[in-house]
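What Swiss-Prot lists as active site is K38, and the listing cites sequence analysis. What Swiss-Prot records for D13, I14, G15, K16, T17, Y18, D55, E116, G117, S118, G119, N179, N180 is ATP binding site, and it gives sequence analysis as the kind of evidence. Per Swiss-Prot, the feature Mg(2+) binding site maps to T17, D55, E116; the stated evidence is sequence analysis. Swiss-Prot lists S42 with the feature substrate binding site.
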Amino acid sequence: MARGVFITATGTDIGKTYVTALIIKKLREVNINCGYYKAALSGAERIDSKLIAGDANYVYNIANIKGDPNDAVSYIFQQAVSPHLAAKLNNVEISMDKIKKDFSCIKNKYDYITVEGSGGIICPISMGKEKIMLENIVKSLKLPAIVIADAGLGTINNTILTLQYMKKKNIPIKMILLNNYNHENIIHIENKRYLSDNLSIPVYTCCKDSNNLEIPVERLIEFYEEI
């Protein structure tokens, strides 16, 4: 039985892909068979008439996953917009059945699977025949979540609002990770202290441009649940 976790964030460009790659890399370095999946990706680069799923490509390179990164993404769009708008612009109907089928195929190849979301937790994936929000994907795949937040000014507000929304939607939250953390920045230090003292969820950090996570492998494994 595979185990999985979902990576979401307090907003766009917080560092989900960067952290996801480091998580998978850390697990694979100790011979844990960990893979990657993403339901919808926008902003893909076109090379020789082929769209390249940039986030997946980055994760595959950093974590040393073999195979075609595009196979880890159900829907790939060139426009750098929200998935629901990209789908509309390309006349594509996003299907939850396809997402669940693709995820099932991916998880059968690995013992651990790390799923990356799009944007923040409140992200429209499809507004076509099926109305799909990112939260619907998390719940359909029956995954707990890790929340990535920026370490800087404003993160207390953004993080707590994100957590409140997720709890209202009954999405289990395993940890918060403050990205771009600087151990000498008084704002970063205070943000971590406040969140750690006022939440019942573990708070970890990831320094900017780090090639490793300051989280023991044994602890990381605990965040994954059977799926």
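If you go along the chain as it appears here, the first residue is 1 and each next one adds 1.
Every residue, even glycine, has its Cβ placed from backbone N, Cα and C.
All features noted in Swiss-Prot, drawn onto the structure.
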residue : record                 : Cβ contacts under 8 Å, 6 or more apart
D13     : ATP binding site       : none
G15     : ATP binding site       : A9, I148, D150, N179, N180, C206
T17     : ATP binding site       : D55, Y58, V59, E116
K38     : active site            : A53, D55, A56, A72, V73, S74, V115, E116, G117, S118
S42     : substrate binding site : F77, Q78, Q79, A80, V81, S82, P83, A86, S118
G119    : ATP binding site       : A9, G11, T12, S82, L134
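The 10 Å shell around the Cβ of G117 (ATP binding site) contains 24 further Cβ atoms across the protein chains shown.
Taken residue by residue with DSSP, T17 (ATP binding site) is part of a helix. Neighbouring residues of the recorded Mg(2+) site, listed in sequence order and excluding T17, D55, E116, comprise I7, K16, T20, A21, Y36, K38, L41, A56, Y58, V59 (Cβ within 8 Å of the Cβ centroid). Between the two most distant C-alpha atoms of the annotated ATP binders (D13, I14, G15, K16, T17, Y18, D55, E116, G117, S118, G119, N179, N180) there are 19 Å. When Cβ atoms from all protein chains are considered, those within 10 Å of N180 (ATP binding site) total 20, not counting its own.
DSSP assigns E116 (Mg(2+) binding site) to a strand in the three-state reduction. Under the DSSP three-state reduction, S42 (substrate binding site) is assigned to coil, being neither helix nor strand.
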